[in-house]
Amino acid sequence: MSDFGDDDVGGGRDDVFEEEDVTEFFEPEVAEGDEDQDQLANGEDQDNIVVSGDPSAAANASRTDKSSRDKKIPDEERNTTPYMTKYERARILGTRALQISMNAPVLVDLEGETDPLQIAIKELREKKIPLIVRRYLPDGYYEDWTCEELLQLGHRIGSTAAMTNNERHAAEGDPLLPPRGLTNPFEADATNFSSVATATAAAAAHDHDHDDNADNRTTAQRLRIAIPCLLCFFCLVVGEALLTTPVLQIRENLICRAMFPDLLPSGADLSRHPLCKSNRVQVELALVNGWELTFMLLPSILTGVSWGIAADRHGRMRILQLANLGVLLSLFWQVTVYSFPDVLPLRLVWLQGAFLLLGGGASTYMALLYTIASDISSEAYRATAILYLGTAFHTATLLGGPITYFAMRRGARFAFGLGIGFWVLVLALTTVIPETRSDAAVRRARADALQDDADATKHAWWDIRPLVWDLVRQTRMVTRIIFLKNATLGILLFSTIFSTLGKAGDNLKQQYAAKRFGWTMAETSFLDSIKGAVSIILTAAILPAISQVLLAKFRLPPIIKDWWMTIGSLCMVVIGSACLTAAGSGGVFIASLVIQQLGGGYEFAFRSMASEMVDSSHIAMLFTAHSVFQLVSEAGAGPVLATVFRMGLDVGASESAKA
C-alpha cells in the first residue's frame, strides 16, 4: 500500500496514461560535400559574399522555397546606388581581415605588413578585394556588386561633381545604409560577424579618416584655387626669364667700368663695347655667376625638406609666402649692390643666398605649387592637374623670350625691374589662395604640434642643441617615410638625379647641332621654340587625353595609370635620344628632337605617381625632397656633361683622323 491507500503496483482504479513516443522533426543532415556542391551549383562562394541591404529580406533569404539564383537581379537591371556605402566598406574590411587572418591568399604586395586589417585596407585601396556585396531588397530579390565595380563607379561619381546637400541627405536615407540609431550595424544581419568586431571598428575609423582626406570641394572652389595657382606658376617662370638676361648685362657693364674706368664714357651703352667682351671681363663675369649658382643652391638643398615639413604642419600658404619674401629680399639685395658699385663690390651678390634661407627659395616655391595642385585634385585627376601646371610652365617659357627681348630694348635695368614686378605680383596672388590641406591632415598636424610643445624644454637662445636635435629628428623622419617605409619611393626619388642630369644637357644639344651641321648659335635658337611648342601640346592635350582613356576605358587604378605614363614618357626619351645620336641631317635631328620632347611628361606623371605613395600629410615634404634631388643633380650636371662632351669631341676627332 502506498501512503494514499493505493496499491503500489496496479495504479488504483484510474486508467493509467501511457506516454506516447514524441515525434521529433529534425533537419536532414547535410551530407559531406553537399554544401560545397550547392554553392558550386549556384555559381558562388558564400564565404566571399558580404550581405547588405534590407536586413529582414536577408534573414529570410535562406527560408524561402524559391532558389536564390532565381531571385538574383541581372546586372544590367540593377538600380541601387552604384557606390560603396560606409556600412559596406566596414563589413568588407572586417570580412577580408578575417579571411587574411585565416591564411587566405593575399592579392597585393605586403611590403612587410603583417596586420590583416592593414592588408585589407591596402587591397581595398588598390581595388583588389575578391568579395561580392549582395544587396537584398525588401521583396527578397537581391543585386550582386563586385567591390571593383562599386569603387570604380563611386570614384567616378565623386570626381565628376561634389554631392549637393539634398543628394547627401538622400544617400544617408538610402535603404542600403543601416538605421541611424543602430550602434552596431551587424545586429541588423542574421550572419554572425562577432569574430571581426575589432576589425570592423578599426575599419570604421579608417573610413572616417578616408572621408576627411577626400576632397569635397565644389568646382567653383577648386577653380578659385587653381586659377591663382596657374597664374603664380606663369608669373614665376616669366619673372625668372626676365631676370636672367638683364642681370648678365648689368653685371658685365659693372665689371667693365670697374676694370676700365678711364676708357669708358659715363652713361654710354656698353652692351656692344669691345672692352666689355675682353677676356678679363668675361672671366670675372663667369666667376661671379658660377659661385652665385653655388651660393643660391646651398640654402635650398640644406633647408628645402625642412620647409616642406613645415608646410605640411603649418600650412602651404604661410611657407609659400615666406619663400616668396625670401626671393624678393634677395632681389632687393641685388638692386642695392648694383646701385652703389663704388661702395659695394659686385661679388657681394653672393650674399643673396642668405635670404633664400627664408622659405627655401624658388625651388621650394615651385614644389609647393605642385603640392597645392595635388591637394585640390583627386587621385584620378591629379596627373591632369599637374600636367596643366606643366602647360603653364612651358607657355611661360615660350613667351619669356619675346617678353625679355622687348623689355631689354628699353634697358637692362627696366627689364630687371619688370622681373621684380612679376615676383611682387606672385606675392599678391598667394594672398587670395586659401589653405588647401585636408581636415585630417590639419588635425594630425595640430596633434603633432601639441606633442612637440608638451615635449619641448626651454633652452638659452645661444644653445644650438635644439636646432641640431630638430635637424636629426627631421632627417630620421624623412629617411623613415621616404626610404625605409617605402623603399620603392626612395629608389624613384634617387633616380631623379639621373633624369635631371639628362635634362641639363639641353644647352649642349644646341652646341652639338651647331658643330655637327654647321649652324650658327642664332640659328640653333629655334630649337627652343620647337621644344616649347611640342611641350605645350603634350601637356595641354595629348597626355590629359591619354590619362582619361587609361582611367575610363582600361579602368586602371590612378597609380598604375601614372606608372604607365611614366614608362611611356621614358621610352620616348630613350628612342628620341638614340635617334639624335644617329641623325645625319638637320631634318632628322629636328624630328628626333620632337620624339624626345614627347617624353617631356615624365616629370609630371612621376610627381603624380609619387604623391599617391605617401600620406596626404607628407605631400609637401615629398615634393621638396624631389626638388632637393633635382638641385643636387643640377649642381653636378655642368662639370659631368662638359667632361662627357669633351670626351665625345675627342672620340670624333680620332675617328676623323683614322678616316
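Cβ coordinates are placed from backbone N, Cα and C, and glycine is handled just like the others.
Per TrEMBL, the features are:
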REGION    1-82  region 'Disordered'
COMPBIAS  16-38  compositional bias 'Acidic residues'
COMPBIAS  63-79  compositional bias 'Basic and acidic residues'
TRANSMEM  225-243  transmembrane segment
TRANSMEM  293-310  transmembrane segment
TRANSMEM  322-341  transmembrane segment
TRANSMEM  353-373  transmembrane segment
TRANSMEM  385-408  transmembrane segment
TRANSMEM  414-434  transmembrane segment
TRANSMEM  482-501  transmembrane segment
TRANSMEM  530-551  transmembrane segment
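Between the transmembrane segment (225-243) and the listed ranges 293-310, 414-434, 482-501, 530-551, the one holding the most Cβ pairs under 8 Å is 414-434. Against the transmembrane segment (322-341), stretch 414-434 shows more Cβ pairs under 8 Å than any other of 293-310, 414-434, 482-501, 530-551. Listed by sequence, the residues of this chain that lie at least six past the ends of the transmembrane segment (530-551) yet keep a Cβ under 8 A from its Cβ atoms are 380, 383-384, 387-388, 390-391, 394-395, 397-398, 506, 558, 561, 564-565, 590, 593-594, 597-598, 600-601, 604-605.
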